[in-house]
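**Student:** The following block contains the structure, expressed as structure tokens.
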Amino acid sequence: MELKSSSNNNILEQLRNGFARFELVSSPTASVSDSISSTSLPASFISTTKGNSYVFFARINSSMNRSPAAKKVEKYAVDRVKGDGRCLFRALVKGMAFNKGITLNPQRERDDADELRMAVKEVICNDPKEREKYKEALVAITVDESLKRFCQRIGRHDFWGGESELLVLSKLCKQPIIVYIPEHEHGRGGGYGPGFIPIQEYGSEFRGGWGKGKTNKNVVRLLYSGRNHYDLLR
């Protein structure tokens with residue numbers, strides 16, 4: 001039981017911090033559904049249709065870890081971000097401004113970060129119709145808390161952003177985002193190299209293209225440097 005709890009906690013931590021993404025898998029067959037105890041899953045993961053029990057569960061999406069790009073160490077400068085609970089949002093607004101050749105002053109950075117936070121709240125909490133466009137984010141949110149609880153907390157400046165907010169903002173802003181970790185945290189021989197390893201990408205569909213409705217935006221690169229803190233890479 002302790003081993004199972006530890007494993008579940010590890011998965012939840014990866015999802016909260018953006019290291020993992022949900023891949024929804026369902027099984028309408030009794031042989032599979034019955035083998036998974038409903039007591040081990042949140043109630044929101046289970047539904048019944050025409051007598052069949054459908055079990056929806058999270059599978060870690062490790063596509064970046066399998067890709068050649070994920071094996072490559074990349075070098076960037078670290079732009080430190082204030083750790084006041086807004087770090088994810090601050091890093092994003094700084095990165096988007098930097099890509100446009102704009103430098104934000106401290107007050108503008110804070111205000112823009114708070115606007116991003118409230119944009120997440122607006123589409124997820126205040127507009128049920130819009131909410132349906134962000135199903136992956138909804139699953140990431142409700143894996144360990146209710147939507148109501150999330151909506152009570154997201155408006156607070158000290159509520160950290162993570163996986164669900166990245167899923168929303170990459171789509172809402174049509175902004176490609178890649179999250180990195182320091183090279184030494186990737187377990188490469190236990191060394192402390194100066195590079196960074198990409199672990200997850202959001203909004204890849206907005207990285208380029210031509211034609212009506214297409215965008216070609218520069219990537220915003222975020223460094224997850226532990227303890228729920230994000231900095232900007234550039």
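The backbone N, Cα and C atoms fix where each Cβ goes, and this holds for glycine too.
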**Student:** Could you tell me which of the ranges 62-67, 110-115, 224-229 is annotated in Swiss-Prot as region 'His-loop'?
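**Tutor:** Per Swiss-Prot, the stretch marked region 'His-loop' is 224-229.
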**Student:** Check each of the ranges 81-87, 102-108, 214-220 against Swiss-Prot and return the one annotated as region 'Cys-loop'.
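**Tutor:** Spelled out, Swiss-Prot records region 'Cys-loop' over residues 81-87, not the other listed ranges.
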**Student:** Quick one: which of 33-43, 154-164 does Swiss-Prot have down as region 'Variable-loop'?
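**Tutor:** In Swiss-Prot, the region 'Variable-loop' feature sits at 154-164.
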**Student:** According to DSSP, collapsed to three classes, what secondary structure does H229 (active site) have?
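**Tutor:** DSSP assigns H229 (active site) to coil.
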**Student:** Roughly how many Å separate the Cα of H229 (active site) from that of D84 (active site), to the nearest whole number?
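**Tutor:** Rounded to the nearest whole number, the Cα-Cα distance is 9 Å.
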**Student:** Count the other Cβ atoms sitting within 10 Å of the Cβ of D84 (active site), across every protein chain shown.
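**Tutor:** Summing over all protein chains shown, D84 (active site) has 11 other Cβ atoms within 10 Å.
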